[in-house]
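What Swiss-Prot records for 10-15, 87-89, 122-128, His143 is FMN binding site. Residues or ranges marked as substrate binding site by Swiss-Prot: Trp107. Annotated domain 'Flavodoxin-like' per Swiss-Prot: 4-199, in sequence order.
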Amino acid sequence: MVKVNIIFHSVHAHIYRMAEAVAAGAREVEGAEVGIYQVPETLPEDVLEKMGAIETKKLFAHIPVVTRDMYEDVLAGADALIFGTPTRYGMMTAQMRAVLDGLGKLWSEDAFVGKVGSVFTSSGTQHGGQESTILSFHVTLLHLGMVIVGLPYAEKRQTIMNEITGGSPYGASTIAGGDGSRQPSENELEMARYQGRHVTQIAKKIAGK
């Protein structure tokens, strides 16, 4: 059985919806054990309320939060990790960064070497830093010794020109709009499903399972 865990940070549920699509794609692979977790939120409740995020966060309140005592099992114990984060100034969010910065002990034990890593993202605008967010995330995965998998052009949905859409060879993505009102399109969700399936297939081959 190949173990795949999706780790995400979401505020207005865009990344959560993409994460669910990634998980659905991963579950299509025979023998896949798929988990989905969110990272701890570090913003205080009054800030979240001003952002209008209290209600949207309730949509995925049932998703377990990955805490430090779970790192060895949930993170190091997986054959593949697929990370989802909104873009913040062209990089991952501080909430996601905090989890990765807590992996020092496991890194020193080579716990992630040879495991598959992949990333998906969202931004408020079409050119809001999606590619730089994924590529800068890859740097950390390489330091951990992971094998990076993206979204190949075999997934033709990323080449369509008749609608606004996220997606690049680096990973699936969605465009939320400046006010967060745009939800992931079916095209974007299908790319996320493809990425989940593709990553899981490769992880299964690498793990020999």
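From the backbone N, Cα and C atoms, a Cβ is placed for every residue, glycine too.
Features as recorded by Swiss-Prot, highlighted on the structure.
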residue: Ser10; record: FMN binding site; DSSP (3 states): coil
residue: Thr87; record: FMN binding site; DSSP (3 states): coil
residue: Trp107; record: substrate binding site; DSSP (3 states): helix
residue: Ser122; record: FMN binding site; DSSP (3 states): strand
residue: Gly128; record: FMN binding site; DSSP (3 states): coil
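Recorded residues Ala13 (FMN binding site) and the residue listed as 'substrate binding site' have their alpha carbons 30 Å apart, per Cα-Cα distance. Looking just at the domain 'Flavodoxin-like' (4-199), the mean pLDDT is 97. Sequence-distant neighbours of Thr125 (FMN binding site) (same chain, 6+ apart, CB under 8 A from its CB) are Ile175, Gly177, Gly178. Looking only at other Cβ atoms within 10 Å, the busiest spot among the binding-site residues Thr87, Ser122 turns out to be Ser122. Here Gly128 (FMN binding site) comes close to Thr87, Ile175: these same-chain residues lie at least six apart in sequence, with C-beta atoms under 8 angstroms from its C-beta. For Ala13 (FMN binding site), the number of other Cβ atoms no farther than 10 Å from its own Cβ, over all displayed protein chains, is 21.
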